[in-house]
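Colleague: First the structure, which I've put down as structure tokens, then a few questions once you've had a look.
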């Protein structure tokens, strides 16, 4: 298992913007990934705050390099730039990362619920595209189950925090309004551009904050009308304007929230009437609103980049909020990795039984050739007896090897033999040879930065293979 990605923690927004993928590009990219001989499965999580490629690879070095090359080919970002900002997690560390992400623990707003839906969508799309196999099926389902447990069994999202609420609270603060006050948007009108998930969340949150009126605009007018009807049902007055006429209402609103993912800017400086006091909130990646709008007198702007900056300056509460959630992640990760280790040992057990059966048949053929006068009844009894001995001899190690595989860490060859065959420990006077070492005794090698550095011992090595 391998994950190669970048997020708000590792990369500037401008670079995340260049790597942002819509559904079409994401499908194209996963297909390109599994065409590489080293990669057998692929799933991509692409949001405004992260781009992560989850894969199953037959070779760590080759797999990482193949992922980086595909990202370069799809995005046009040069490989050296990618190397400077991408992070890599491998094996159990990769599995843990998806569980942490799906639980909202790696989000800019810790505990936000949108990410679990985004992981689910990524999984569904990759499944439909045929780029997900047994390993990623098991991992994605475990991650979604873990995320659900975190949100139902802890208080991590008690405050209902999300990227949308964080952005609007930030906008209110910049407007000189206390977000914690009762109905802080009372007497205000807001324009919502777009009618997707983010826009719907924004409209709902604006309604809860007491906005007097919402104006909706979307390229497909019917979707804007549907969103407006939901607002009306919630008791918030709403109207719809054609998307092409959105600039005509800017002198009537106090706030604009844009989440369209459009190719062109939805709001430009030339669209803004002179003398207005206007708060612009851009929730899109790539960005919807031209940064130059913030230079217009009376206009302020909140966007993903500015939210990142604000969160870095005030990262409060993350550790306390995530303690209980991390305990759930650890529990689910242990169960997942145990199941994977058991699954991985099954082919070896099958091969052992197959080989034992082949040897048994060979020996029976040899015995039959050497005892031609043995009666048919006696031969059947010999065959049954030999097969019973083989089955009894293999039964215990077959059961025990699965239990042994389920444990984390490693054991010595001597201990493995004793465990598999139920043997009593043999006391020796000579010091035992060192045949294994626990991963916990080594430096943490589950996380690798993609840099041109010397090779390291363990799970991780430098990307350039030096």
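Cβ atoms here come from the backbone N, Cα and C positions, even for glycine.
According to Swiss-Prot, the feature active site, nucleophile maps to 48, an assignment based on sequence analysis. Taken from Swiss-Prot, the feature substrate binding site applies to 47, 48, 49, 50, 107, 112, 113, 114, 118, supported by sequence analysis. As annotated by Swiss-Prot, NADP(+) binding site applies to 194, 195, 196, 197, 198, 199. Swiss-Prot lists 97 with the feature site 'Important for activity', giving sequence analysis as the kind of evidence.
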Colleague: If one measures from the C-alpha of residue 199 (NADP(+) binding site) to the C-alpha of residue 97 (site 'Important for activity'), what distance in angstrom results, rounded to a whole number?
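Modeller: With distance taken Cα to Cα, residue 97 (site 'Important for activity') is 28 Å from residue 199 (NADP(+) binding site).
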Colleague: Quick check: which same-chain residues outside 47, 48, 49, 50, 107, 112, 113, 114, 118 lie with their CB within 8 A of the centre of the substrate site CB atoms?
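Modeller: In sequence order, the nearby non-listed residues are 104, 108, 115, 163.
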Colleague: If you skip the near sequence neighbours and keep only those at least six away, which residues in the chain come within under 8 angstroms of residue 49 (substrate binding site), Cβ to Cβ?
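Modeller: Looking at Cβ-Cβ distances below 8 Å from residue 49 (substrate binding site), excluding near sequence neighbours, one finds 7, 8, 16, 107, 108, 163, 285, 304, 308.
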Colleague: With the cut-off set at 10 Å between Cβ atoms, which of these binding-site residues ends up with the most neighbours? Options: 194, 196.
Modeller: 194
Colleague: Taking the Cα atoms as reference points, how far is residue 197 (NADP(+) binding site) from residue 48 (active site, nucleophile) in Å?
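Modeller: Cα-Cα, rounded: 13 Å.
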Colleague: Name the residues of the same chain, 6+ apart in sequence, whose Cβ is under 8 Å from the Cβ of residue 198 (NADP(+) binding site)?
Modeller: 163, 164, 259, 283, 284
Colleague: If you pair up every Cα among 47, 48, 49, 50, 107, 112, 113, 114, 118, the residues annotated as binding substrate, what's the maximum separation in angstrom, rounded to an integer?
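Modeller: Across 47, 48, 49, 50, 107, 112, 113, 114, 118, the widest Cα separation comes out at 15 Å.
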Colleague: Starting from the Cβ centroid of 194, 195, 196, 197, 198, 199, which together make up the recorded NADP(+) site, report each further residue of the same chain whose Cβ lies within 8 Å of that point, ordered by sequence.
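Modeller: Here the nearby residues are 200, 201, 202, 259, 260.
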Colleague: Let me check the 10 A CB neighbour count of residue 118 (substrate binding site). How many other CB atoms are there?
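Modeller: Within a 10 Å radius of the Cβ of residue 118 (substrate binding site) lie 18 other Cβ atoms.
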Colleague: For the binding-site residues listed here (47, 107, 113, 199), which one has the lowest count of neighbouring CB atoms within 10 Å of its own CB?
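Modeller: Each of the binding-site residues 47, 107, 113, 199 was scored; lowest Cβ tally within 10 Å is 113.
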Colleague: Look at each of the binding-site residues, 195, 197, and point out the one with the fewest other Cβ atoms around it within 10 Å.
Modeller: 197
Colleague: Can you give me the Cα-Cα distance between residue 194 (NADP(+) binding site) and residue 47 (substrate binding site) in Å, rounded to a whole number?
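Modeller: Spelling it out, the Cα of residue 194 (NADP(+) binding site) and the Cα of residue 47 (substrate binding site) are 17 Å apart.
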